[in-house]
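**Q** Okay, here's the structure, questions in a sec.
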Amino acid sequence: MDLGTDDPVLVLNSGSSSIKYQLLHPRTSEVVAAGIVERIGEPEGGIEHRTGGQRIEQREPIADHSAGLRLVFEMFARTGRDLTRAGLRAVGHRVVHGGEVFYRPTLIDDEVLATIDELSVLAPLHNPANVAGIRSARALLPGVPQVAVFDTAFFHGLPAAAKTYAIDAKVAAAHGIRRYGFHGTSHEYVSGQVAQFLGREPAQLNQIVFHLGNGASASAIRGGRPIDTSMGLTPLEGLVMGTRSGDLDPGIVPHLMRSAGLDIDAVDALLNRDSGLKGLSGVNDFRALQELIDAGDPAARLAYDVYIHRLRHYLGAYLIDLGGVDVLTFTAGVGENSPAVRADALAGLQRFGIAVDPVRNVAKDRVARRISPDDAPVAVLVVPTNEELAIARAALALVIQD
Ligand code: ADP
């Protein structure tokens, strides 16, 4: 992509208790500095700031997102960079839910911000934090264009049959109930990288992408456009995740409320924070899970088996949805780093043209690579995701076109 300028962009990913940030040059992909503010609003917060081989950690309570962002500015100042004079061309914000309204990178003004805030009803765990991050950034960098890049955007045009839940259509319409999909920035970026890696046009490819991080999602992409994805109205649906259940019988919700006496917030917390790998094994981090499995822990083993079982369900569904697949790709923390997951997810599928080369699979390269044998009909790839770079590029492309 020729963006025409090498001006830096600040990317902010504001979560409920954290702010991840990067200052980077979208044209060259050079990262100038990156870091994370953690445990905002808790008694013991902190920041970790990395730049040019230097790593600074500081522990202190951080009252809110505004205080968190001020601390980020302080870190930049301490390492010789005044962010207010850094020639920032834009601030790119990751925004989780764009609802039906936003499906392109969008320049943020008061009205856009108010709408993102209203969409909190669809993403109560995410959009309020995104709004807090945007408000703070606008206050600290008043002259710099602020751009929202939505996690749902890539999936906006899902086919009707894939995005529609089979519930009362009037109720669904009144409450914005449809499948929106998330991790869109990653699925779009990675599927583009896949086409480049294979030297093919996106239009020629049927792809399945597995984004397996703390959150996890799958997508089926035909000719560069998604035709299905595993996350739905919220990022709770689909694959088994670190702390989220993924798919379950919706009847479990009223059953828990009636039988276990849980109120709706307790059910929400159970399914979002205390389920998935953590609910089954006690740990949400995949490396910790693997250690427990190696130590012979049966609950961890079961959690892993459920995780793989669900992955294979989506693989099977998307193979059929697409009518055959050219390339399967693994990305994000688990997808990029766990040979076991990749091998187990694709085991015994030779009759579908899917195979993993055991030597290629365990290579530790940090770049896009093929892990299937050269002569396998389906290419299996590992492609590092880079949501920050994708957000920075989208933000810059928008502001230079204006
Ligand atoms: P997030 O959704 O927070 O962006 P990441 O994409 O960073 O998440 O993925 C985090 C997950 O990746 C964690 O479960 C972590 O244990 C897992 N992970 C990171 N490195 C490895 C590794 N070498 N082997 C297995 N899992 C790993």
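These residue numbers are counts, starting from 1, taken along the chain as shown.
Including glycine, each Cβ sits where the backbone N, Cα and C put it.
According to TrEMBL:
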- D151: active site, proton donor/acceptor (ACT_SITE)
- N13, E387: Mg(2+) binding site (BINDING)
- K20, H211, L212, G213, N214, G215, D285, F286, R287, G333, V334, G335, E336, N337: ATP binding site (BINDING)
- R94: substrate binding site (BINDING)
- H183: site 'Transition state stabilizer' (SITE)
- R244: site 'Transition state stabilizer' (SITE)
**Q** Over all shown protein chains, what is the count of other CB atoms within 10 A of the CB belonging to V334 (ATP binding site)?
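**A** The Cβ of V334 (ATP binding site) has 26 Cβ neighbours within 10 Å.
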**Q** Can you tell which of N13, N214 has the least company, meaning the fewest other C-beta atoms within 10 angstroms of its C-beta, among these binding-site residues?
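**A** Selected from the binding-site residues N13, N214 on minimum Cβ neighbours within 10 Å: N214.
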**Q** Who sits close to D285 (ATP binding site): which same-chain residues at least 6 apart have their Cβ under 8 Å from its Cβ?
**A** G242
**Q** Looking at the recorded positions listed here (L212, R244, R287, E336), whose Cα lies nearest to that of R94 (substrate binding site)?
**A** L212
**Q** Taking ligand 1 as the reference and 6 angstroms as the Cβ limit (strictly under), which binding-site residues among N13, D285, V334 are close?
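**A** If the test is a Cβ under 6 Å from any atom of ligand 1, the answer is D285, V334.
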**Q** Say we define neighbours as other CB atoms within 10 Å of the CB. Which of the recorded positions K20, R94, R244, R287 has the fewest?
**A** R287
**Q** Which state, by DSSP, holds K20 (ATP binding site): helix, strand or coil?
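**A** In the DSSP reduction, K20 (ATP binding site) maps to strand.
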**Q** Around D151 (active site, proton donor/acceptor), how many other C-beta atoms are within 10 angstroms of its C-beta?
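**A** Result for D151 (active site, proton donor/acceptor): 28 other Cβ atoms within 10 Å.
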**Q** Please report the number of other Cβ atoms within 10 Å of the Cβ of L212 (ATP binding site).
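**A** By my count, 26.
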**Q** Please give me the CB contact count at 10 A for E387 (Mg(2+) binding site), counting all chains in the structure.
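**A** Counting Cβ neighbours of E387 (Mg(2+) binding site) within 10 Å gives 25.
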**Q** Long-range neighbours only, meaning 6 or more apart in sequence with Cβ under 8 Å: which ones does H183 (site 'Transition state stabilizer') have?
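**A** Result: D151, H211, G215, S217, M231, P235.
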